[in-house]
Amino acid sequence: SLQASHGQGLRFMSQSHSQDTRTSSSLPKLDLHVIPVWEKGITGKGVVLTVLDDGLEWNHTDIYSNYDAAASYDFNDNDPDPFPRYDSTNENKHGTRCAGEIAMQADNNKCGVGVAYNSKVGGIRMLDGIVTDAIEASSIGFNPNHVDIYSASWGPNDDGKTVEGPGRLAQKAFEYGIQKGRGGKGSIFVWASGNGGRQGDNCDCDGYTDSIFTISISSASQQGLSPWYAEKCSSTLATTSADLHNECTQTHTGTSASAPLAAGIFALALEQNPNLTWRDLQHIVVWTSEFDPLANNPGWKRNGAGLMVNSRFGFGLLNAKALVDLSDPATWTHVPEKKQCIVRDDSFQPRELKASGEITIEIPTKACVGQENAVHSLEHVQVEASIEYTRRGDLHITLTSPAGTTTVLLAERERDTSANGFKNWDFMSVHTWGEDPAGIWTLKITDTSGHMENKGRILNWKLILHGTSEKPKHMKKPRVYIPYNAVQNDRRGVEHMDDMMEVSYRAGVLGTVQLWYTVEIPS
Ligand SMILES: *[C@@H]1O[C@H](CO)[C@@H](O)[C@H](O)[C@H]1NC(C)=O
Ligand SMILES: *[C@@H]1O[C@H](CO)[C@@H](O)[C@H](O)[C@H]1NC(C)=O
Ligand SMILES: [Ca+2]
Ligand SMILES: [Ca+2]
Ligand SMILES: [Ca+2]
Ligand SMILES: [Ca+2]
């Protein structure tokens, strides 16, 4: 059974992180470039979001005018009113905070302003009780021709030893949303990558964030580093940093806060171009996220398509202006039809693995060349595998692409002593995005734990290549990375809006970046 552990992690965290740690106004400034988008008049109009969480205080003075009852439901009590349960021991304010990040009203002298402050926002109350597959499915699939974007900050227990993904019904709801949602353009599912860092968890073992249908968002700390609660994995697409300060929320941090901030930014892109498909949006995120503000972290690599990627941050920090500019319907060309090429070896025999041992499987492929489903330009890659092992958390799995990009598909988890292994688990990576998959892939499984009693075997595997036969138009020229300081200088002078609000992101100390999302209402 699943637990709402990301949300609970956040609640714990926001209590323990209540101080304002900004140090100096002389720090260089960095932002997610939201204000230039607002200045173009793009504020989320016509876009509907919902927050799948512990409820929504919809009559809140700063949310009420943007509240959308048709994007709301209470699956814990089975009624249309998602108002949270408040009692002396449990303040379910998480969903309300997330919705506030997205759509707090501007120009009303109350609280702050949401990133997409003219969007409509609803709440699905579903975390305040036992979270069943049916409740998840109902939430993920709620009113998919009305709701454009779903924001979720929950998943399997973040305890560092769970391996779990969507159940049968939730998986069906994702597939339905992708195929039929938004009039067939595909529901946008924005997912937090998890808060289990302290438990040695990593999101390889979280089938929600690992899904190709979700846009997984990680967070950067105030110092522009990977925070203590963050999880690493190869399915994370991008990063935000969200420490909200305003009159109504002291602080609100963690990947739980990062996902709704990303959802709000995606609402700006959908106002600019409502015709974007779910895959258009993933491509645009990949192509416009900023590596430079997070460059001082370990783990960056340049993939075979020239894209910088990191298992802590995906393709980097979201840049709202670049994202909206690339979405412009006057210039954006839909990415070509999705193709899927499955590579398997029917003569494969189970291979044994022992402690200190290594299994290397070479996978030559022409990527279905000459067939209707040829893939020449990659999006997601999955390795579906069944592995038996006496101690699952000691396994380390990497995949190296023909272009030489090595992705960690599974990192060790100290607390995961389970002997259950993986049964047809989909390991997913976005790190080879844009590469040509033809050539020899290498799958490598190792155990360097020194636990000499360990043993097991890989029973079967298949490599699933997702992508397009034609290179998408925007990728025909190489991605150009602008050095961070240039971006920063470009932003000076647009930081103050003439009306009510200021949003600033402050950058940091010791060559690292300190990020702040500050919302102020002048008196
Ligand atoms: C919202 O509704 C709740 C429950 O009915 C009530 O206690 C609260 O005062 C209301 N808030 C506002 C701002 O009206
Ligand atoms: C979206 O697509 C429809 C149908 O192709 C078209 O009529 C409309 O102009 C498009 N909207 C934008 C903003 O491009
Ligand atoms: Ca209710
Ligand atoms: Ca406000
Ligand atoms: Ca996790
Ligand atoms: Ca995902």
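The backbone N, Cα and C atoms fix where each Cβ goes, and this holds for glycine too.
Secondary structure at D53 (active site, charge relay system), taken from DSSP and collapsed to helix, strand or coil, is strand. Around D53 (active site, charge relay system), taking its Cβ as the centre, 33 other Cβ atoms fall within 10 Å, counting all chains. Sequence annotations record features per position, and here TrEMBL assigns active site, charge relay system to D53 (among others).
Counting every protein chain shown, the Cβ of H94 (active site, charge relay system) has 27 other Cβ atoms within 10 Å. Annotation comment: TrEMBL describes H94 (among others) as active site, charge relay system.
Taken from TrEMBL, the feature active site, charge relay system applies to S256 (among others).
The compositional bias 'Polar residues' annotation in TrEMBL covers 13-26.
Annotated domain 'P/Homo B' per TrEMBL: 334-471, in sequence order. In the predicted structure, the domain 'P/Homo B' (334-471) carries a mean pLDDT of 97.
Residues or ranges marked as region 'Disordered' by TrEMBL: 1-26.
Summarised by DSSP class, the composition of the domain 'P/Homo B' (334-471) is 3 helix, 70 strand, 65 coil.
Cα of H94 (active site, charge relay system) to Cα of D53 (active site, charge relay system): a distance of 7 Å.
According to its DSSP assignment, H94 (active site, charge relay system) is helical.
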